[in-house]
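Per Swiss-Prot, the features are:
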- 591-622: coiled coil (COILED)
- C219-C230: disulfide bond (DISULFID)
- C226-C239: disulfide bond (DISULFID)
- C241-C254: disulfide bond (DISULFID)
- C260-C271: disulfide bond (DISULFID)
- C267-C280: disulfide bond (DISULFID)
- C282-C295: disulfide bond (DISULFID)
- C301-C312: disulfide bond (DISULFID)
- C308-C321: disulfide bond (DISULFID)
- C323-C336: disulfide bond (DISULFID)
- C342-C353: disulfide bond (DISULFID)
- C349-C362: disulfide bond (DISULFID)
- C364-C377: disulfide bond (DISULFID)
- 34-213: domain 'VWFA 1' (DOMAIN)
- 215-255: domain 'EGF-like 1' (DOMAIN)
- 256-292: domain 'EGF-like 2' (DOMAIN)
- 297-337: domain 'EGF-like 3' (DOMAIN)
- 342-377: domain 'EGF-like 4' (DOMAIN)
- 386-561: domain 'VWFA 2' (DOMAIN)
- N69: N-linked glycosylation site (CARBOHYD)
- N251: N-linked glycosylation site (CARBOHYD)
- N305: N-linked glycosylation site (CARBOHYD)
- 1-18: signal peptide (SIGNAL)
Amino acid sequence: MRGLLCWPVLLLLLQPWETQLQLTGPRCHTGPLDLVFVIDSSRSVRPFEFETMRQFLMGLLRGLNVGPNATRVGVIQYSSQVQSVFPLRAFSRREDMERAIRDLVPLAQGTMTGLAIQYAMNVAFSVAEGARPPEERVPRVAVIVTDGRPQDRVAEVAAQARARGIEIYAVGVQRADVGSLRAMASPPLDEHVFLVESFDLIQEFGLQFQSRLCGKDQCAEGGHGCQHQCVNAWAMFHCTCNPGYKLAADNKSCLAIDLCAEGTHGCEHHCVNSPGSYFCHCQVGFVLQQDQRSCRAIDYCSFGNHSCQHECVSTPGGPRCHCREGHDLQPDGRSCQVRDLCNGVDHGCEFQCVSEGLSYRCLCPEGRQLQADGKSCNRCREGHVDLVLLVDGSKSVRPQNFELVKRFVNQIVDFLDVSPEGTRVGLVQFSSRVRTEFPLGRYGTAAEVKQAVLAVEYMERGTMTGLALRHMVEHSFSEAQGARPRALNVPRVGLVFTDGRSQDDISVWAARAKEEGIVMYAVGVGKAVEAELREIASEPAELHVSYAPDFGTMTHLLENLRGSICPEEGISAGTELRSPCECESLVEFQGRTLGALESLTLNLAQLTARLEDLENQLANQK
């Protein structure tokens with residue numbers, strides 16, 4: 001009958017199962033495979049027949065390459081119900097699978113084959129049970145072993161399983177219904193339907209089934225993995241190597257016979273093995289001598305094409321230029337520039353650092369004197385001010401630059417008289433949102449403020465400067481946040497640091513801040529927009545807007561900011577002109593000078609008008 005493999009009792013013509021189990025060498029290598037056995041354990045299967053089926057399963061396992069990345073095996077048994085013996089994910093060792101099969105107890109009820117196929121399709125071959133995902137394209141194979149006619153329908157559910165990519169082998173024993181076997185199996189039927197006359201012959205089917213899974217010529221299939229040569233044998237193979245090589249421990253790779261390992265090569269640096277021979281090789285930056293064993297360093301500087309401005313140093317990787325002390329190598333790798341110690345060291349200058357050869361010195365602004373420590377300058381007169389710093393923490397600033405901003409803020413704090421009665425300092429960071437790092441009333445000393453500044457964490461994200469200005473106006477200068485009452489006439493100063501264009505509108509709250517009497521300063525770095533800086537700052541912009549091309553040069557702004565933020569306590573009604581080096585006196589001096597100029601300008605205009613009137617009268621008399 002076409003499509004049906006009958007197994008007559010011709011044991012002498014077939015190799016016994018036990019002989020197959022004793023074969024040595026590599027096991028069957030089918031590649032990755034998800035294999036589920038569906039075993040009929042209904043009451044019609046007698047105990048000794050079930051034991052034969054148990055031995056059949058264990059024998060078939062011994063011929064498979066079992067492992068998480070090779071063949072995964074699951075077993076289910078069924079009668080009137082379905083029971084999972086072990087899923088695909090349960091075991092990766094053959095010994096554990098055999099132990100579970102030995103403990104298998106038959107269910108001894110009806111024969112619901114369709115129910116078993118449905119369970120295999122929906123549960124046993126699910127990813128949760130250990131089947132590999134469909135995108136990995138690992139074949140899914142079900143082997144159904146039954147001895148009777150199903151008591152439910154199998155054709156429709158088997159078709160669904162095949163449509164999901166499950167390849168079905170149907171093995172019938174003794175009284176099995178041939179029509180049901182054909183309805184379950186995958187095409188071509190003559191390769192997927194087997195009929196065994198008795199349980200005694202089911203082991204002989206195992207040989208044929210294993211041969212069908214494994215193929216006959218593993219070397220020809222190309223999956224053997226031999227590096228040099230594959231020698232095929234029945235259901236097995238072994239690898240050999242070309243002359244001059246030996247087989248590695250994995251029995252697939254080939255290693256050159258290492259003549260270098262004998263230690264008689266005489267190579268100064270490296271010995272490189274080749275089939276039947278060897279040669280010497282030097283490290284990078286060295287050349288092999290005529291004796292083909294010793295090595296000499298290459299003097300790249302002697303070639304005369306290094307173009308180094310100061311000195312050339314030969315290294316194994318090639319020529320390297322080196323600069324004399326007090327100079328730094330430039331990005332071109334050749335030229336040298338005098339080192340700017342002010343940018344390269346923590347100089348500690350309060351105002352300005354000036355590099356001088358291999359050293360540096362600190363400078364103070366006009367009207368202020370350098371102190372004995374050679375770094376600090378005498379302070380402006382102590383005064384009262386509430387100062388809120390708005391710091392841009394957007395992603396464009398970047399973490400390393402944010403640290404420079406914090407250092408810059410602390411340099412401003414250094415020249416302030418920080419105390420509850422003197423200058424109070426608050427800090428707000430903004431990006432896509434606004435966060436008060438510490439309010440005006442929290443810290444009473446400069447040391448506490450500086451420590452809190454260093455602890456501020458970088459926010460990243462966007463640049464909502466308008467939102468930050470609103471927060472400052474509505475919250476930061478409130479008495480609840482530590483600002484002093486307006487009745488005390490303590491100046492309120494806002495200082496904004498930003499490096500880019502705001503992502504929201506700033507005009508409303510920039511104007512509102514000035515209406516509230518807040519003196520606004522704007523410090524821009526890098527790509528900061530000048531128009532926005534001017535809109536934020538108070539008038540005149542020349543005194544309230546500062547700009548630096550990058551974060552590394554912000555320290556040059558300190559002198560102007562220190563002179564500008566120094567508090568004003570109001571102009572005295574007296575006419576005495578005090579030293580303009582003091583902030584209050586300087587403002588008073590400038591104010592009175594501007595007032596005098598305005599008065600002179602008005603008088604000049606009036607005098608000019610009177611002269612024009614006299615000229616007109618004289619012209620009329622003539």
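Every residue, even glycine, has its Cβ placed from backbone N, Cα and C.
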(Q) Between C230, C260, C271, C312, which of the disulfide-bonded residues has its C-beta surrounded by the fewest other C-beta atoms within 10 Å? (A) C260
Q: Return the stretch with the most CB pairs under 8 A relative to the domain 'VWFA 2' (386-561), choosing among 34-213, 256-292, 297-337, 342-377.
A: 342-377
Q: Could you tally the C-beta atoms, other than its own, that fall within 10 angstroms of the C-beta of C342 (disulfide bond)?
A: 18
Q) Near C364 (disulfide bond), which recorded positions out of N69, C254, C301, N305, C349, C353 have their CA within 10 Å? A) C349, C353
Q: Look up C377 (disulfide bond) in the DSSP assignment and report helix, strand or coil.
A: strand
Q: Please list, for the domain 'EGF-like 2' (256-292), how many residues fall into helix, strand and coil according to DSSP.
A: 3 helix, 14 strand, 20 coil
Q: Sequence order is fine: just name those disulfide-bonded residues in C241, C271, C321, C323 with a Cα within 10 angstroms of C312 (disulfide bond).
A: C321, C323
Q. Which ones, of the recorded positions C219, C230, C241, N251, C271, C323, have a Cα no more than 10 Å from the Cα of C280 (disulfide bond)?
A. C271
(Q) Within its own chain, what residues at least 6 apart in sequence put their Cβ under 8 Å from the Cβ of C308 (disulfide bond), listed in sequence order? (A) P319, C321, H322, R334
Q. What are the helix, strand and coil residue counts for the domain 'EGF-like 3' (297-337) according to DSSP?
A. 4 helix, 16 strand, 21 coil
